[in-house]
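Some features that Swiss-Prot has for this protein:
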ACT_SITE  Glu243  active site
ACT_SITE  Cys277  active site
BINDING   Gly220, Ser221, Ala222, Ser223, Thr224, Gly225  NAD(+) binding site
Amino acid sequence: MTLWINGDWITGQGERRRKTNPVSGEILWQGNDANAAQVAEACQAARAAFPRWARQPFAARQAIVEKFAVLLEAHKAELTEVIARETGKPRWEAATEVTAMINKIAISIKAYHARTGEQKSELVDGAATLRHRPHGVLAVFGPYNFPGHLPNGHIVPALLAGNTLIFKPSELTPWTGETVIKLWERAGLPAGVLNLVQGGRETGQALSSLDDLDGLLFTGSASTGYQLHRQLSGQPEKILALEMGGNNPLIIEDVANIDAAVHLTLQSAFITAGQRCTCARRLLVKQGAQGDAFLARLVDVAGRLQPGRWDDDPQSFIGGLISAQAAQHVMEAWRQREALGGRTLLAPRKVKEGTSLLTPGIIELTGVADVPDEEVFGPLLNVWRYAHFDEAIRLANNTRFGLSCGLVSTDRAQFEQLLLEARAGIVNWNKPLTGAASTAPFGGVGASGNHRPSAWYAADYCAWPMASLESPELTLPATLSPGLDFSRREAV
(Lines of atoms letter the chains of each structure in order from A; the text may use other names.)
(Lines give C-alpha, C1' and ligand atoms only; values in the text may rest on other atoms or scores of the structure.)
Protein backbone atom coordinates (compact mmCIF):
# COMPACT_ATOMS: atom_id res chain seq x y z
CA MET A 1 0.00 0.00 0.00
CA THR A 2 1.81 3.08 -1.27
CA LEU A 3 -0.83 5.81 -1.50
CA TRP A 4 -2.00 7.82 1.52
CA ILE A 5 -5.49 9.22 0.96
CA ASN A 6 -7.77 10.59 3.68
CA GLY A 7 -5.55 9.14 6.38
CA ASP A 8 -5.52 5.59 4.98
CA TRP A 9 -2.77 3.65 3.21
CA ILE A 10 -4.17 2.06 0.07
CA THR A 11 -2.93 0.25 -3.03
CA GLY A 12 -2.70 2.15 -6.29
CA GLN A 13 -4.88 1.00 -9.16
CA GLY A 14 -2.64 2.31 -11.93
CA GLU A 15 0.53 1.13 -13.62
CA ARG A 16 2.96 -1.06 -11.69
CA ARG A 17 6.20 0.73 -10.88
CA ARG A 18 9.47 -0.15 -9.22
CA LYS A 19 12.44 1.94 -8.19
CA THR A 20 16.01 0.64 -8.24
CA ASN A 21 19.26 2.04 -6.91
CA PRO A 22 20.84 3.88 -9.89
CA VAL A 23 24.27 2.39 -9.20
CA SER A 24 23.73 -1.11 -7.83
CA GLY A 25 20.42 -1.93 -9.52
CA GLU A 26 18.95 -3.13 -6.21
CA ILE A 27 15.15 -2.91 -6.07
CA LEU A 28 14.24 -0.34 -3.40
CA TRP A 29 10.51 0.23 -3.79
CA GLN A 30 7.59 -1.30 -5.66
CA GLY A 31 4.03 -0.13 -5.96
CA ASN A 32 1.21 0.92 -8.23
CA ASP A 33 0.51 4.41 -9.49
CA ALA A 34 -2.63 6.24 -8.48
CA ASN A 35 -5.20 6.17 -11.26
CA ALA A 36 -7.42 9.13 -12.15
CA ALA A 37 -10.20 8.04 -9.80
CA GLN A 38 -7.79 7.81 -6.86
CA VAL A 39 -6.33 11.22 -7.66
CA ALA A 40 -9.86 12.63 -7.62
CA GLU A 41 -10.49 10.83 -4.32
CA ALA A 42 -7.40 12.49 -2.83
CA CYS A 43 -8.68 15.89 -3.93
CA GLN A 44 -12.10 15.21 -2.41
CA ALA A 45 -10.44 14.24 0.87
CA ALA A 46 -8.38 17.42 0.86
CA ARG A 47 -11.47 19.52 0.10
CA ALA A 48 -13.42 17.94 2.93
CA ALA A 49 -10.56 18.49 5.38
CA PHE A 50 -9.93 22.10 4.38
CA PRO A 51 -12.57 24.04 6.39
CA ARG A 52 -11.61 22.52 9.73
CA TRP A 53 -7.85 22.73 9.08
CA ALA A 54 -8.06 26.36 7.94
CA ARG A 55 -10.08 27.29 11.05
CA GLN A 56 -7.54 25.75 13.41
CA PRO A 57 -5.61 28.39 15.35
CA PHE A 58 -2.20 28.95 13.83
CA ALA A 59 -0.61 27.62 17.02
CA ALA A 60 -2.33 24.26 16.50
CA ARG A 61 -1.03 23.93 12.95
CA GLN A 62 2.41 25.06 14.08
CA ALA A 63 2.48 22.39 16.80
CA ILE A 64 1.97 19.60 14.26
CA VAL A 65 4.59 21.02 11.92
CA GLU A 66 7.05 21.29 14.80
CA LYS A 67 6.29 17.69 15.79
CA PHE A 68 7.25 16.74 12.21
CA ALA A 69 10.60 18.51 12.73
CA VAL A 70 11.19 16.48 15.90
CA LEU A 71 10.45 13.27 13.98
CA LEU A 72 12.82 14.30 11.19
CA GLU A 73 15.57 14.74 13.75
CA ALA A 74 14.79 11.39 15.37
CA HIS A 75 14.79 9.58 12.02
CA LYS A 76 17.58 11.54 10.37
CA ALA A 77 19.82 8.52 9.82
CA GLU A 78 16.99 6.46 8.32
CA LEU A 79 15.85 9.20 5.94
CA THR A 80 19.45 9.97 4.98
CA GLU A 81 19.91 6.35 3.92
CA VAL A 82 16.67 6.33 1.92
CA ILE A 83 17.61 9.50 0.02
CA ALA A 84 21.18 8.35 -0.61
CA ARG A 85 20.16 4.93 -1.91
CA GLU A 86 17.29 6.23 -4.03
CA THR A 87 19.10 9.17 -5.66
CA GLY A 88 22.64 7.78 -5.69
CA LYS A 89 24.06 10.82 -3.89
CA PRO A 90 26.71 10.25 -1.19
CA ARG A 91 25.53 9.85 2.37
CA TRP A 92 27.17 13.10 3.48
CA GLU A 93 25.09 15.04 0.98
CA ALA A 94 21.88 13.19 1.76
CA ALA A 95 22.45 14.08 5.42
CA THR A 96 22.72 17.78 4.55
CA GLU A 97 19.38 17.49 2.74
CA VAL A 98 17.66 16.14 5.84
CA THR A 99 19.24 18.91 7.91
CA ALA A 100 17.82 21.45 5.46
CA MET A 101 14.38 19.87 5.90
CA ILE A 102 14.63 20.25 9.67
CA ASN A 103 15.80 23.86 9.45
CA LYS A 104 12.97 24.69 7.04
CA ILE A 105 10.41 24.40 9.84
CA ALA A 106 11.59 27.30 12.01
CA ILE A 107 12.36 29.42 8.94
CA SER A 108 8.87 28.84 7.51
CA ILE A 109 7.22 29.82 10.79
CA LYS A 110 9.18 33.08 10.84
CA ALA A 111 8.39 33.71 7.17
CA TYR A 112 4.68 33.13 7.77
CA HIS A 113 4.56 35.92 10.34
CA ALA A 114 6.87 38.25 8.39
CA ARG A 115 5.24 37.79 4.98
CA THR A 116 1.66 36.76 5.68
CA GLY A 117 0.86 37.52 9.27
CA GLU A 118 -1.67 40.03 10.56
CA GLN A 119 -1.02 43.78 10.54
CA LYS A 120 -3.26 46.43 12.06
CA SER A 121 -3.21 50.21 11.58
CA GLU A 122 -5.26 52.42 13.86
CA LEU A 123 -7.48 55.02 12.16
CA VAL A 124 -9.37 57.97 13.65
CA ASP A 125 -12.68 56.14 13.33
CA GLY A 126 -11.54 52.51 13.52
CA ALA A 127 -8.75 50.40 12.09
CA ALA A 128 -7.34 48.99 8.86
CA THR A 129 -6.33 45.35 9.14
CA LEU A 130 -4.39 43.07 6.81
CA ARG A 131 -4.97 39.36 7.18
CA HIS A 132 -4.11 36.37 5.02
CA ARG A 133 -6.22 33.40 4.07
CA PRO A 134 -5.24 29.99 2.64
CA HIS A 135 -6.09 29.19 -0.96
CA GLY A 136 -7.69 25.83 -0.24
CA VAL A 137 -6.59 22.61 -1.95
CA LEU A 138 -3.12 22.72 -3.49
CA ALA A 139 -1.19 20.13 -5.50
CA VAL A 140 2.55 19.79 -4.87
CA PHE A 141 4.77 18.27 -7.56
CA GLY A 142 8.17 17.21 -6.23
CA PRO A 143 11.49 16.82 -8.10
CA TYR A 144 13.99 13.98 -7.84
CA ASN A 145 17.22 15.86 -7.15
CA PHE A 146 16.20 16.90 -3.62
CA PRO A 147 13.20 14.61 -3.08
CA GLY A 148 12.88 15.51 0.59
CA HIS A 149 13.97 19.14 0.86
CA LEU A 150 12.35 20.75 -2.19
CA PRO A 151 8.80 19.37 -1.74
CA ASN A 152 9.21 20.20 1.94
CA GLY A 153 9.75 23.82 0.90
CA HIS A 154 6.21 23.87 -0.52
CA ILE A 155 4.45 21.53 1.93
CA VAL A 156 5.52 23.16 5.20
CA PRO A 157 4.52 26.78 4.39
CA ALA A 158 1.33 25.60 2.69
CA LEU A 159 0.24 23.63 5.76
CA LEU A 160 1.16 26.48 8.10
CA ALA A 161 -1.02 28.82 6.05
CA GLY A 162 -4.00 26.46 6.40
CA ASN A 163 -4.08 24.78 3.00
CA THR A 164 -4.72 21.09 2.41
CA LEU A 165 -2.54 19.22 -0.06
CA ILE A 166 -2.11 16.43 -2.59
CA PHE A 167 1.58 15.56 -2.96
CA LYS A 168 2.94 13.74 -6.00
CA PRO A 169 6.64 12.91 -5.65
CA SER A 170 8.78 12.40 -8.71
CA GLU A 171 8.23 8.93 -10.14
CA LEU A 172 12.02 8.54 -9.77
CA THR A 173 11.92 9.01 -5.98
CA PRO A 174 8.73 7.37 -4.68
CA TRP A 175 10.48 5.79 -1.68
CA THR A 176 11.60 9.12 -0.25
CA GLY A 177 8.12 10.55 -0.75
CA GLU A 178 6.50 7.66 1.08
CA THR A 179 9.04 7.79 3.92
CA VAL A 180 8.44 11.51 4.49
CA ILE A 181 4.66 11.11 4.44
CA LYS A 182 4.87 8.41 7.12
CA LEU A 183 6.57 10.96 9.37
CA TRP A 184 3.78 13.46 8.70
CA GLU A 185 1.28 10.74 9.63
CA ARG A 186 3.07 10.19 12.94
CA ALA A 187 3.11 13.95 13.55
CA GLY A 188 -0.67 13.82 13.87
CA LEU A 189 -1.98 15.47 10.72
CA PRO A 190 -5.77 15.08 10.54
CA ALA A 191 -7.09 12.81 7.80
CA GLY A 192 -7.22 14.44 4.38
CA VAL A 193 -4.99 17.40 5.21
CA LEU A 194 -2.06 15.88 3.30
CA ASN A 195 -2.49 13.13 0.72
CA LEU A 196 0.11 11.13 -1.23
CA VAL A 197 -0.38 9.95 -4.81
CA GLN A 198 2.42 8.09 -6.57
CA GLY A 199 2.89 7.98 -10.31
CA GLY A 200 4.36 9.37 -13.49
CA ARG A 201 2.99 11.46 -16.34
CA GLU A 202 -0.56 10.07 -16.30
CA THR A 203 -0.95 10.59 -12.57
CA GLY A 204 0.49 14.08 -12.85
CA GLN A 205 -1.86 15.03 -15.67
CA ALA A 206 -4.83 13.69 -13.74
CA LEU A 207 -3.81 15.80 -10.75
CA SER A 208 -3.07 19.03 -12.60
CA SER A 209 -6.33 18.83 -14.57
CA LEU A 210 -8.61 18.59 -11.54
CA ASP A 211 -11.25 21.33 -11.61
CA ASP A 212 -11.42 21.46 -7.81
CA LEU A 213 -7.77 22.43 -7.31
CA ASP A 214 -7.09 25.93 -6.01
CA GLY A 215 -3.45 25.88 -7.05
CA LEU A 216 -0.36 23.94 -8.00
CA LEU A 217 3.18 24.26 -6.64
CA PHE A 218 5.86 22.80 -8.92
CA THR A 219 9.61 22.28 -8.88
CA GLY A 220 11.16 20.64 -11.92
CA SER A 221 12.17 21.05 -15.54
CA ALA A 222 11.24 24.00 -17.74
CA SER A 223 9.53 21.72 -20.27
CA THR A 224 7.15 20.32 -17.65
CA GLY A 225 6.65 23.76 -16.13
CA TYR A 226 5.65 25.21 -19.50
CA GLN A 227 3.25 22.31 -20.01
CA LEU A 228 1.60 23.00 -16.66
CA HIS A 229 1.38 26.71 -17.45
CA ARG A 230 -0.42 25.92 -20.72
CA GLN A 231 -2.71 23.46 -18.99
CA LEU A 232 -3.77 26.02 -16.37
CA SER A 233 -4.02 28.94 -18.79
CA GLY A 234 -7.36 30.67 -18.68
CA GLN A 235 -7.76 29.81 -14.98
CA PRO A 236 -6.57 32.96 -13.17
CA GLU A 237 -8.40 31.85 -10.04
CA LYS A 238 -5.74 29.16 -9.48
CA ILE A 239 -2.35 30.00 -7.98
CA LEU A 240 0.53 28.50 -9.97
CA ALA A 241 4.07 28.58 -8.58
CA LEU A 242 6.72 27.32 -11.00
CA GLU A 243 10.32 26.80 -9.93
CA MET A 244 12.20 25.62 -13.00
CA GLY A 245 15.79 25.19 -14.13
CA GLY A 246 18.55 27.36 -15.52
CA ASN A 247 21.40 27.62 -17.99
CA ASN A 248 23.43 29.41 -15.37
CA PRO A 249 26.59 31.48 -16.05
CA LEU A 250 29.63 31.78 -13.80
CA ILE A 251 32.02 34.60 -14.74
CA ILE A 252 35.71 34.13 -13.89
CA GLU A 253 37.19 37.62 -14.11
CA ASP A 254 39.94 37.71 -11.49
CA VAL A 255 41.67 34.51 -10.39
CA ALA A 256 44.55 35.69 -8.24
CA ASN A 257 43.84 32.69 -5.99
CA ILE A 258 43.51 29.98 -8.63
CA ASP A 259 42.80 27.08 -6.29
CA ALA A 260 40.05 29.01 -4.50
CA ALA A 261 38.46 29.84 -7.87
CA VAL A 262 38.72 26.21 -8.97
CA HIS A 263 37.12 25.04 -5.73
CA LEU A 264 34.25 27.51 -6.16
CA THR A 265 33.77 26.31 -9.75
CA LEU A 266 33.69 22.64 -8.74
CA GLN A 267 31.11 23.43 -6.07
CA SER A 268 29.09 25.41 -8.60
CA ALA A 269 29.19 22.97 -11.50
CA PHE A 270 29.60 19.44 -10.22
CA ILE A 271 28.14 19.11 -6.72
CA THR A 272 25.21 16.66 -6.67
CA ALA A 273 26.67 15.35 -9.95
CA GLY A 274 25.51 18.59 -11.58
CA GLN A 275 21.88 17.93 -10.62
CA ARG A 276 21.03 21.21 -8.92
CA CYS A 277 18.91 23.73 -10.76
CA THR A 278 21.39 26.46 -9.77
CA CYS A 279 24.47 24.57 -11.01
CA ALA A 280 26.81 26.48 -13.32
CA ARG A 281 26.29 25.27 -16.88
CA ARG A 282 28.26 28.02 -18.63
CA LEU A 283 31.72 29.06 -17.45
CA LEU A 284 32.81 32.45 -18.82
CA VAL A 285 36.59 32.89 -18.49
CA LYS A 286 38.50 36.05 -19.34
CA GLN A 287 41.04 35.68 -22.13
CA GLY A 288 44.72 35.82 -21.20
CA ALA A 289 47.40 33.92 -19.32
CA GLN A 290 45.57 34.07 -16.00
CA GLY A 291 42.44 32.55 -17.53
CA ASP A 292 44.54 29.89 -19.26
CA ALA A 293 46.16 28.93 -15.96
CA PHE A 294 42.79 28.77 -14.24
CA LEU A 295 41.32 26.47 -16.90
CA ALA A 296 44.35 24.18 -16.84
CA ARG A 297 44.06 23.84 -13.07
CA LEU A 298 40.30 23.29 -13.27
CA VAL A 299 40.73 20.46 -15.78
CA ASP A 300 43.47 18.96 -13.63
CA VAL A 301 41.44 18.91 -10.41
CA ALA A 302 38.11 18.02 -12.04
CA GLY A 303 39.82 15.12 -13.80
CA ARG A 304 40.55 13.59 -10.40
CA LEU A 305 36.90 13.57 -9.33
CA GLN A 306 35.75 9.98 -9.16
CA PRO A 307 32.04 9.48 -8.58
CA GLY A 308 31.33 6.78 -6.04
CA ARG A 309 28.56 4.69 -4.58
CA TRP A 310 26.30 6.20 -1.97
CA ASP A 311 27.87 3.94 0.65
CA ASP A 312 31.57 4.32 -0.22
CA ASP A 313 34.00 4.78 2.65
CA PRO A 314 35.78 7.14 2.34
CA GLN A 315 32.95 9.06 0.72
CA SER A 316 33.22 10.66 -2.70
CA PHE A 317 32.45 14.28 -3.61
CA ILE A 318 29.80 13.19 -6.12
CA GLY A 319 27.72 10.07 -6.53
CA GLY A 320 25.63 8.75 -9.36
CA LEU A 321 23.02 10.58 -11.37
CA ILE A 322 19.39 9.72 -10.80
CA SER A 323 19.46 7.01 -13.50
CA ALA A 324 21.62 5.43 -16.17
CA GLN A 325 19.37 7.14 -18.72
CA ALA A 326 20.21 10.53 -17.20
CA ALA A 327 23.93 9.75 -17.51
CA GLN A 328 23.43 8.75 -21.13
CA HIS A 329 21.64 12.04 -21.83
CA VAL A 330 24.67 13.97 -20.56
CA MET A 331 26.96 11.93 -22.81
CA GLU A 332 24.74 12.67 -25.80
CA ALA A 333 24.74 16.40 -25.01
CA TRP A 334 28.56 16.38 -24.87
CA ARG A 335 28.82 14.57 -28.22
CA GLN A 336 26.35 17.02 -29.75
CA ARG A 337 28.50 19.95 -28.67
CA GLU A 338 31.61 18.27 -30.05
CA ALA A 339 29.83 17.81 -33.37
CA LEU A 340 29.00 21.53 -33.42
CA GLY A 341 32.71 22.35 -33.15
CA GLY A 342 33.34 22.34 -29.41
CA ARG A 343 36.81 21.53 -28.09
CA THR A 344 36.76 18.96 -25.30
CA LEU A 345 38.97 19.89 -22.37
CA LEU A 346 37.85 16.99 -20.18
CA ALA A 347 35.81 14.14 -21.61
CA PRO A 348 33.01 12.73 -19.45
CA ARG A 349 33.24 9.00 -18.95
CA LYS A 350 30.89 6.32 -17.72
CA VAL A 351 32.57 4.61 -14.79
CA LYS A 352 30.57 1.44 -15.34
CA GLU A 353 28.16 0.71 -18.17
CA GLY A 354 24.57 0.34 -17.06
CA THR A 355 25.04 2.51 -13.98
CA SER A 356 24.59 6.24 -13.41
CA LEU A 357 28.20 6.90 -12.37
CA LEU A 358 29.61 9.56 -14.69
CA THR A 359 32.80 11.61 -14.44
CA PRO A 360 32.63 15.38 -15.09
CA GLY A 361 33.02 16.81 -18.58
CA ILE A 362 34.31 20.24 -19.69
CA ILE A 363 34.05 21.52 -23.27
CA GLU A 364 35.01 24.90 -24.75
CA LEU A 365 32.49 26.47 -27.12
CA THR A 366 34.00 29.89 -27.83
CA GLY A 367 32.87 30.97 -31.28
CA VAL A 368 30.66 27.91 -31.79
CA ALA A 369 27.30 28.75 -33.33
CA ASP A 370 23.89 27.29 -32.55
CA VAL A 371 24.71 25.86 -29.13
CA PRO A 372 21.36 24.78 -27.63
CA ASP A 373 20.11 27.04 -24.85
CA GLU A 374 19.06 24.19 -22.60
CA GLU A 375 19.67 22.85 -19.14
CA VAL A 376 21.77 19.69 -19.30
CA PHE A 377 21.06 18.26 -15.86
CA GLY A 378 24.38 16.67 -15.04
CA PRO A 379 28.16 17.20 -14.73
CA LEU A 380 28.82 18.92 -18.06
CA LEU A 381 30.39 22.40 -18.03
CA ASN A 382 30.48 24.57 -21.17
CA VAL A 383 33.29 27.16 -21.43
CA TRP A 384 33.37 30.47 -23.31
CA ARG A 385 36.26 32.95 -23.33
CA TYR A 386 35.64 36.69 -23.38
CA ALA A 387 37.75 39.82 -23.89
CA HIS A 388 36.13 42.41 -21.58
CA PHE A 389 33.61 42.51 -18.76
CA ASP A 390 30.77 43.99 -20.81
CA GLU A 391 31.08 41.03 -23.16
CA ALA A 392 30.94 38.67 -20.18
CA ILE A 393 27.64 40.18 -19.05
CA ARG A 394 26.27 39.97 -22.59
CA LEU A 395 27.19 36.28 -22.74
CA ALA A 396 25.75 35.69 -19.27
CA ASN A 397 22.40 37.16 -20.31
CA ASN A 398 22.33 35.29 -23.63
CA THR A 399 19.83 32.71 -22.40
CA ARG A 400 16.08 32.34 -22.08
CA PHE A 401 16.63 31.25 -18.46
CA GLY A 402 17.33 33.48 -15.48
CA LEU A 403 17.89 31.49 -12.32
CA SER A 404 21.44 32.05 -11.03
CA CYS A 405 24.55 33.96 -12.03
CA GLY A 406 27.89 34.40 -10.33
CA LEU A 407 31.08 36.44 -10.47
CA VAL A 408 34.61 35.68 -9.30
CA SER A 409 36.36 39.04 -8.99
CA THR A 410 38.01 41.29 -6.43
CA ASP A 411 36.38 44.36 -7.99
CA ARG A 412 33.24 45.46 -6.15
CA ALA A 413 32.36 47.81 -8.99
CA GLN A 414 32.08 44.86 -11.36
CA PHE A 415 29.69 43.13 -8.99
CA GLU A 416 27.60 46.31 -8.75
CA GLN A 417 27.44 46.42 -12.55
CA LEU A 418 26.40 42.78 -12.66
CA LEU A 419 23.65 43.42 -10.11
CA LEU A 420 22.24 46.13 -12.36
CA GLU A 421 22.50 44.24 -15.64
CA ALA A 422 22.14 40.52 -14.86
CA ARG A 423 18.80 38.84 -15.53
CA ALA A 424 18.79 36.28 -12.75
CA GLY A 425 16.98 35.77 -9.47
CA ILE A 426 20.20 34.76 -7.69
CA VAL A 427 23.39 36.78 -8.27
CA ASN A 428 26.40 35.75 -6.17
CA TRP A 429 29.84 37.30 -5.72
CA ASN A 430 32.78 35.04 -4.89
CA LYS A 431 30.32 32.40 -3.70
CA PRO A 432 29.21 29.17 -5.42
CA LEU A 433 26.09 29.41 -7.56
CA THR A 434 24.72 26.46 -5.64
CA GLY A 435 24.82 28.37 -2.37
CA ALA A 436 21.39 29.65 -1.33
CA ALA A 437 19.85 30.84 1.91
CA SER A 438 16.37 29.86 3.08
CA THR A 439 16.13 33.30 4.68
CA ALA A 440 16.10 34.80 1.17
CA PRO A 441 13.80 34.18 -1.80
CA PHE A 442 14.77 31.43 -4.23
CA GLY A 443 13.68 31.68 -7.84
CA GLY A 444 14.38 33.18 -11.22
CA VAL A 445 13.02 35.04 -14.20
CA GLY A 446 12.51 34.09 -17.83
CA ALA A 447 12.17 30.34 -18.36
CA SER A 448 13.29 29.71 -14.77
CA GLY A 449 9.98 30.57 -13.13
CA ASN A 450 6.79 32.63 -13.13
CA HIS A 451 7.71 35.20 -10.49
CA ARG A 452 6.72 32.99 -7.57
CA PRO A 453 10.04 32.54 -5.73
CA SER A 454 10.19 29.96 -2.97
CA ALA A 455 12.20 29.71 0.28
CA TRP A 456 11.53 32.88 2.36
CA TYR A 457 8.88 34.01 -0.15
CA ALA A 458 7.04 30.66 -0.28
CA ALA A 459 4.58 32.06 2.26
CA ASP A 460 3.48 34.57 -0.38
CA TYR A 461 2.05 31.98 -2.76
CA CYS A 462 0.52 29.91 0.04
CA ALA A 463 -1.98 32.57 1.11
CA TRP A 464 -3.92 35.52 -0.28
CA PRO A 465 -4.32 38.92 1.39
CA MET A 466 -7.60 40.14 2.86
CA ALA A 467 -7.88 43.86 3.70
CA SER A 468 -10.49 45.16 6.14
CA LEU A 469 -11.70 48.55 7.36
CA GLU A 470 -13.18 48.01 10.81
CA SER A 471 -15.12 49.97 13.41
CA PRO A 472 -16.82 48.55 16.52
CA GLU A 473 -19.83 50.84 16.06
CA LEU A 474 -21.64 52.68 13.31
CA THR A 475 -22.10 56.47 13.57
CA LEU A 476 -23.19 59.19 11.18
CA PRO A 477 -20.17 61.24 10.03
CA ALA A 478 -19.89 64.73 11.49
CA THR A 479 -19.27 66.07 7.98
CA LEU A 480 -21.40 64.74 5.13
CA SER A 481 -20.46 64.50 1.47
CA PRO A 482 -21.83 67.27 -0.79
CA GLY A 483 -25.40 66.69 -1.86
CA LEU A 484 -26.39 64.53 1.10
CA ASP A 485 -29.17 65.86 3.35
CA PHE A 486 -30.05 63.98 6.51
CA SER A 487 -32.17 66.74 8.08
CA ARG A 488 -35.50 65.47 9.39
CA ARG A 489 -38.59 66.94 7.79
CA GLU A 490 -41.64 67.91 9.80
CA ALA A 491 -44.64 65.72 9.18
CA VAL A 492 -47.39 67.55 7.29
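Just so it is clear, glycine is given a Cβ too, placed from its N, Cα and C backbone atoms.
Projection of Swiss-Prot feature records onto the structure.
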residue: Gly220; record: NAD(+) binding site; DSSP class: coil
residue: Gly225; record: NAD(+) binding site; DSSP class: helix
residue: Glu243; record: active site; DSSP class: strand
residue: Cys277; record: active site; DSSP class: coil
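Counting other Cβ atoms within 10 Å of each Cβ, the binding-site residues Ser221, Thr224 show the lowest value at Ser221. Cα-Cα distance from Gly220 (NAD(+) binding site) to Glu243 (active site): 7 Å (rounded to the nearest whole number). Calculated from their C-alpha atoms, the gap between Ser223 (NAD(+) binding site) and Glu243 (active site) amounts to 12 Å. Across the structure, Glu243 (active site) and Ser221 (NAD(+) binding site) are spaced 8 Å apart at their Cα atoms.
The distance from the Cα of Ala222 (NAD(+) binding site) to the Cα of Cys277 (active site) comes to 10 Å.
It is 9 Å from the Cα atom of Ser221 (NAD(+) binding site) to that of Cys277 (active site). Each residue contributes its Cα atom, and for Gly225 (NAD(+) binding site) and Cys277 (active site) these two points are 13 Å apart. Cα to Cα, Cys277 (active site) and Thr224 (NAD(+) binding site) are separated by 14 Å. Counting other Cβ atoms within 10 Å of each Cβ, the recorded positions Ala222, Cys277 show the lowest value at Ala222.
In this view, Ser223 (NAD(+) binding site) is surrounded by 12 other Cβ atoms within 10 Å of its Cβ, with every protein chain counted. The 10 Å shell around the Cβ of Gly225 (NAD(+) binding site) contains 22 further Cβ atoms across the protein chains shown.
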